[in-house]
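Asks: Copying in the features that TrEMBL gives for the protein in this structure:
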type	residues	note
TRANSMEM	B:44-68	transmembrane segment
TRANSMEM	B:80-109	transmembrane segment
TRANSMEM	B:121-150	transmembrane segment
TRANSMEM	B:170-193	transmembrane segment
TRANSMEM	B:228-247	transmembrane segment
TRANSMEM	B:267-287	transmembrane segment
TRANSMEM	B:308-329	transmembrane segment
TRANSMEM	B:349-367	transmembrane segment
TRANSMEM	B:374-395	transmembrane segment
TRANSMEM	B:415-439	transmembrane segment
Amino acid sequence: MSTQEKEWGLITEFTSSKDIFHAAEKLRDEGFKKFECYTPFPIHGMDDAMGLKPTKLPWLILVCGLTGLATATGLQIITNADLYPMIIGGKPNGVGSLVAFIPVMFELSILFSAFGAVFGMIGINGLPKLYNPVFKHEAFKKVTDDGFFVVVSVDDPKYNTQKTTEFLEKIGGKDVTVIND
Amino acid sequence: MIDMTLNPNADNPAQRTPLVQGGMDFKDVSHAVCDISERKTPKIWFLCLLASLSCLGLLKTAIIYLIWEGTGIWGLNNPTYWGWAIVNFVFWVGIGHAGTLISAILFLLRQDWRTGVNRFAEAMTLMAVACAGVFPGIHIGRVWCAYWLFPVPNQMTLWPNFHSPLLWDVFAVSTYATVSLLFWYVGLIPDVATMRDRAKTKYRKIAYGVLALGWTGANKHWQRYEKAYAILAALATPLVLSVHTIVSFDFTVSNLPGWHTTIFPPYFVAGAVFSGFAMVITLMTVVRHIYKLENIITIRHLENMCKIILLTGTLVGYAYAIEFFIAWYSGVEYESYAFINRAFGQYGWAYFIMIGCNVISPQFFWFKWCRTNVIFMFVISIFVNIGMWFERFVITMTLSNDFLPSSWDYYAPTIWDISTFVGSFGLFFTLLLLFLRFLPIVAISEVKNCIPEADPHHGDHH
């Protein structure tokens, strides 16, 4: 096993949500693509400031919801009309009694959509991920309290340890540090 | 700098002080909330836990004896097969509704004041639903056959009847419990990460580290997180309305006078919100005092909840009146009899407790003094809790006087009915105390978002 550490990115700190917001705008305008802002709460308008596209999560949730609807419809029609038809008070079975099936159809659509929303969000975010190179940075603990950090990844086409450090300092970043993986 | 001349309770939003008072910054908010579970456990907590565990023991005993002996130990009789089990079930499910309402509907309506109270209310929802779940599970008599409620293939190749409102309940309540749990957990992730980063001991680091899933607060994550949260809120909103609607179908879909009415779904939902908010006030007034959270859970939060209690309490009063009116207007003698009997029959005492607690007591909240006095609202909220239990009791007791006068009987609870009900509070408070001790009871990241400095354009003059 190699113990050699590889450069992972540059981390820098800002003092307020306002500073990090404007820093993100400058990084975006400068042409940086692979940088990330870490904040203790979501900052409104940050997606535009960073030049992020909207997430595709809603589409996933829609697909899950429709799957739930189909599951409920299938389950009820198959069990109550085909496998064990119960005729109560002369009420018709199968599609004829769809009205009675609506509550379960509704509930399962919601249930599956909720699974889609939560596990979709966790999955697309690549969580759970208990190891992350940013955690090596001692000051990073503040991020869930009142810290605002920007990390520029080595994968960014414009990345250059020297020049990027200078740029980050120019836009107001404090303590620009190299993080190794 | 916060202008202290502003009025925290002003009706005009432009004249209000921020939701977080006392000039707290981001750090203060994390500290105020996390410190609750970091500081040494107060003795009172152990005392409360001991009391709750004793109650929980009572519930366990009552259930074990029930399984051993059968439902005969309850006061059930020939027309009244449902008894307290269903009363308690509807009561507890109703309590849960405030949590989802605060987190989902108020979120969609952009009501920022929800952030101070939503975490706690959501936790209350989960615990109330856990208590509710006990009753349908045990009231069926042959408890070991409870799995027949679920559509699983069994040895008799018999499937549950999906035309039945009782089965709709199974789906509605289990979906509600699951979605509430997911909603609560998603909200917890960033705050548990705060706890993780503040943790000093090894066990805390591991426990919160695992729960936080490695949350870093990356903006890409926040983007998806916020989208997921908003969609969950949009899903939970119709869900919370549907759950109590479906619970009301248990009654409505039957042909019994007093039950077979279309007003039940909206009336049950209003009642659920009413009792849920009352329970939030009952618990919140105590918790904010003990944990000194007055700057985060302000009087404005409590006042807003009082206003919701006033609204829903009045809706419930309207429902009582219209039920009576329709019973007369319909000209159906069974229906009229059911209502006259409800108010003036053998359970008349319960009916008037219900009217007194649910219709009259919230009317005090028209007055500002009543909405802003913590002790007063605590007392009223207790009345509402009692009144809403009696509402379900009154509705269920219609069973005692059905179509056949020869089977009429008076339902009286036995010691085991009472033990089971009291014991369910033990379950509720045990879970609640554990939550208070180990998890952030206020949504830290959301509260921070309400501080003016969180806005990147704060102080800009456009």
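Placement of Cβ uses the backbone N, Cα and C atoms for every residue, glycine included.
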Asks: Determine which recorded stretch among B:170-193, B:267-287, B:349-367 has the most C-beta pairs below 8 angstroms with the transmembrane segment (B:228-247).
Replies: B:170-193
Asks: Can at least 3 Cβ pairs under 8 A be found between the transmembrane segment (B:121-150) and the transmembrane segment (B:349-367), with each pair 6 or more apart in sequence?
Replies: no
Asks: Grab the same-chain neighbours of the transmembrane segment (B:415-439) for me: Cβ-Cβ under 8 Å, and only residues 6 or more beyond its ends, written as numbers and ranges.
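Replies: Residues 36-37, 41, 45, 48-49, 51-63, 65-66, 73-75, 83-85, 88, 92, 123-124, 126-128, 130-131, 134-135, 138, 188, 191-192, 195, 283, 287, 291 contact the transmembrane segment (B:415-439) from elsewhere in the chain.
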Asks: Restricting to the same chain and to residues at least six past its boundaries, which positions have a Cβ under 8 Å from a Cβ of the transmembrane segment (B:308-329)?
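Replies: Same-chain contacts beyond the flanks: 258, 261, 263, 266-267, 270-271, 273-274, 277-278, 281, 335-336, 338-339, 343, 355, 358-359, 361-363, 365-366, 380-381, 384, 391.
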Asks: Mind checking which residues of the chain, 6+ beyond the ends of the transmembrane segment (B:80-109), have their Cβ under 8 Å from one of its Cβ atoms?
Replies: 74, 117-118, 121-126, 128-129, 131-132, 135-136, 138-139, 173, 176, 180, 183, 187, 229-230, 232-234, 236-237, 239-240, 243-244, 247, 250, 268-269, 271-273, 275-277, 279-280, 388-389, 392-393, 396-397, 399-400, 409, 411, 413, 417, 420-421, 424, 428
